[in-house]
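Here is what Swiss-Prot records for this protein:
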ACT_SITE  Glu109  active site, nucleophile
BINDING   Glu113, Gln126, Thr127, Asn128, Asp136, Arg137, Glu138, Asp202, Trp203, Gly207, Arg281  xyloglucan binding site
ACT_SITE  Glu113  active site, proton donor
CARBOHYD  Asn117  N-linked glycosylation site
CARBOHYD  Asn213  N-linked glycosylation site
DISULFID  Cys231-Cys239  disulfide bond
DISULFID  Cys276-Cys289  disulfide bond
Amino acid sequence: MVVSLFSSRNVFYTLSLCLFAALYQPVMSRPAKFEDDFRIAWSDTHITQIDGGRAIQLKLDPSSGCGFASKKQYLFGRVSMKIKLIPGDSAGTVTAFYMNSDTDSVRDELDFEFLGNRSGQPYTVQTNVFAHGKGDREQRVNLWFDPSRDFHEYAISWNHLRIVFYVDNVPIRVYKNNEARKVPYPRFQPMGVYSTLWEADDWATRGGIEKINWSRAPFYAYYKDFDIEGCPVPGPADCPANSKNWWEGSAYHQLSPVEARSYRWVRVNHMVYDYCTDKSRFPVPPPECSAGI
């Protein structure tokens, strides 16, 4: 069944979100050229720099996908990119933007995974949080716009108290520090910033029912406005614990009232999967699921 991206009940609120996103500007924004902070990590023949390195193109074809990574790792801060996703029939493809500690079995990881679709269906973004090697915390949201028509900003804000995933400055997920409930929280290992474009038609679209259509290849995704603000590791030893870092300020301890309303709107109208409510996987909800925002 084709799902409409918009419904009459959502139009007014969608316009309100657009106004909020236009008025809000990230603190100390510093968009950079690709080579300032990143390197090609996988298949350099499939990544092309555009506009003097201010934007890049990722390509997926039957021979290979591709990926890039930050030159440094970071412990706390905010990372963001503007991404224009694959248009049309993108079923079976995954465009990922994530942070990863690169520590194998005890890895920490914060994921945005954009799951390709058949033409006319909404794009789904899956988020996941790995802490001390434990993941299985998937949530899925249908985006309320067509992310292939223009660039949209995707950001991860990470401090000692919480992790927030943003789409155009609208929070779509909050993961709190619940170590008091014996829930692991990523606060010891620095993480690099990564992005990949790859084929995953065994699970990405409708659980693997929709397969990739290679006759439409190559598939392209575009990136620009790369922004990393955080404590580099190696770097000043006192940086990660410095409470004066802007991302540790009181404004970033909890969502603002406007953000909280936007977050609830996303969950009510656009969330299509939440591990917290999946009783087949978790008959007893994990303890972090009752933490609220």
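Quick reminder: no glycine exception, Cβ is built from N, Cα and C everywhere.
Cα of Glu113 (xyloglucan binding site) to Cα of Cys276 (disulfide bond): a span of 19 Å. When the Cα atoms are compared, Cys276 (disulfide bond) and Glu109 (active site, nucleophile) turn out to be 19 Å apart.
The highest number of surrounding Cβ atoms within 10 Å, among the glycosylation sites Asn117, Asn213, is found at Asn117. Taking only the Cα positions, the spacing between Thr127 (xyloglucan binding site) and Cys289 (disulfide bond) is 15 angstrom. Distances between the Cα of Cys239 (disulfide bond) and those of the recorded positions Glu109, Glu138, Trp203 are shortest for Glu109. Between the alpha carbons (Cα) of Arg281 (xyloglucan binding site) and Cys289 (disulfide bond) lies a span of roughly 14 Å. Ranking the recorded positions Glu109, Glu113, Asp136, Glu138 by how many other Cβ atoms lie within 10 angstroms of each Cβ puts Asp136 at the bottom.
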